Amino acid sequence: MNILRGDNLNRDTIVALSTPPGIGAIAIIRISGNKSLELTEKTIKNKKINIKTLEERRINHGYFYDENGEIIDEIMFVYFKSPRSYTGEDMVEIYCHGGILVTNKIIDTLLKLGARLAENGEFTRRAFLNGKIDLIKAESILQIIEAKSEKSLKLALDNLKGKLSNEIEYLRSSLINVLSKIEVSIDYGDDIDVPKEEILNDLINVQSFLKEKIKHADKGLHISTGVTMAIVGKPNVGKSTLLNRLLVEDRAIVTDIPGTTRDVIKGELKIKGVHFIISDTAGIRMTEDKVEKIGIEKALNEAKKSDVILFLLDATTGFTNEDEYIYNLIKDCNFIPVWNKIDIAEKVDKDIVFLRNSVVISAETGRGMRELEEKILESVKVLVEDGELSHVTSKRQLEYLKRVEYNIIKAINSLKKNMPLDIISIDIRNGLEQLDELMGRNFTEDLLDNIFSNFCVGK
């Protein structure tokens, strides 16, 4: 059951902790809804302030009391009057001392007096429903919070300021203009005849704009969500040691027993400002062990969907049949051959053509790691390098743009075949509907649930 459906959204006053739980200097508690000021009057006291006539956007001092009149904490608080607030509703922010007991007692008091604990992302959801932001800006707020690199933060900030939203509005107005020309031709064809060539050129321009956005979307997505990288190789080649070396922490178990890693282990790192999500996978070999087979299957799936693979080889054994077996499985992927254990190897076998551009390292000592990082960056340069960006930062956004392009291409093809204008207008209207869903003009509760459930409770 979703308690946000129906009239509950407008009636309920919600409360939540907006800072991370735990011990800290200051904690922030948010209240939003039409009873925000009433709850403030019941719980916060300051003889010099009349809560009923509280000046908005001004920081005030006071004491927070529970429902029995017992003091909980000395606080500061700010009142934001509707609609000039984050949510578009009456809001109060309470700044209390950080600590689990203090914040819990304040929130418990507000709940007892009629507030409801906010759901994930409900403050931002209300901001959207009250017309303060569109869905793209709502997504950008979450991306700012989760940003792992300077580039991803900049993209998210650009979209919060309206970069992608403005481009979508341009597309929308262009399609409305084309639709108007078609409707004029249909309704007043005897008096006003808009040339089909003009309509066709307008649609081609829209499709070209969309094509560019979609073409460069991968770059925005990689910057926003991170570049994926997998370590593959035969058992006991040093994959877990390399993962720990790259992450500068012990995330994976390191032993001399082949096949120790059976599940995919993931970590995150930055190399010169580029955010990577790296996976350590099970050792790949021919085996009859059912459990190990499952791990190997997971390893291959993880590797093949990654942006770059580190193909780890053992410098002490040279290129083996097991290595050749793995090579044949990943040869069509973007991979970097990496010779490990150079600290204990006598020589490195670089005679094989596809290994001539390999990197030589010791995951144990750290030798060659700088060269490996440079090689990794070079292999994904096209995905993250500076240049044209589409500011498409989520798969949802990309999917909607592809749907719009599909409808515009249909309209263009129909126009070239001299199909009736009223048929062509259907495809254009479908494209407009997709743009409106992308921005949030049209939405379903399931769509909102999917987006805002990723937020923390206090946002």
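Using the three backbone atoms N, Cα and C, a Cβ is placed for every residue, glycine included.
Owing to the predicted nature of the structure, the values given are computational and were not obtained by experimental measurement.
Annotation note: Lys459 ((6S)-5-formyl-5,6,7,8-tetrahydrofolate binding site) sits in a coil segment as assigned by DSSP. The Cβ of Lys459 ((6S)-5-formyl-5,6,7,8-tetrahydrofolate binding site) has Ser18, Gly121, Phe123, Thr124, Ile141, Leu142, Ile145 as same-chain neighbours under 8 Å, each 6 or more residues away in sequence. According to Swiss-Prot, the feature (6S)-5-formyl-5,6,7,8-tetrahydrofolate binding site maps to Arg30, Glu93, Lys132, Lys459, an assignment based on sequence analysis.
Under the heading domain 'TrmE-type G', Swiss-Prot lists 226-381.
Asn236 (K(+) binding site): 17 other CB atoms within 10 A of its CB, across all protein chains. The feature K(+) binding site is assigned by Swiss-Prot to Asn236, Thr255, Ile257, Thr260.
The GTP binding site annotation in Swiss-Prot covers 236-241, 255-261, 280-283. DSSP assigns Lys239 (GTP binding site) to a helix. Neighbour density for Lys239 (GTP binding site): within 10 A of its CB lie 31 other CB atoms from the protein chains shown.
Marked as Mg(2+) binding site by Swiss-Prot: Ser240, Thr261.
Ranking the binding-site residues Arg30, Glu93, Lys132, Ala282 by Cα distance from Asn236 (K(+) binding site) puts Ala282 first. Using a 10 Å radius centred on the Cβ of Ala282 (GTP binding site) and all shown protein chains, the other Cβ atoms total 27. Local packing around the binding-site residues Arg30, Lys132 was summarised as the count of other Cβ atoms within 10 Å of each Cβ; on this measure the leading residue is Arg30. Cβ neighbour density within 10 Å is lowest for Glu93 among the binding-site residues Glu93, Ser240. In this structure, the C-alpha atom of Lys239 (GTP binding site) lies 46 angstrom from that of Arg30 ((6S)-5-formyl-5,6,7,8-tetrahydrofolate binding site). Counted over all residue pairs in Arg30, Glu93, Lys132, Lys459, the record's binders of (6S)-5-formyl-5,6,7,8-tetrahydrofolate, the longest Cα to Cα distance measures 18 angstrom. Glu93 ((6S)-5-formyl-5,6,7,8-tetrahydrofolate binding site) falls within a strand segment according to DSSP.
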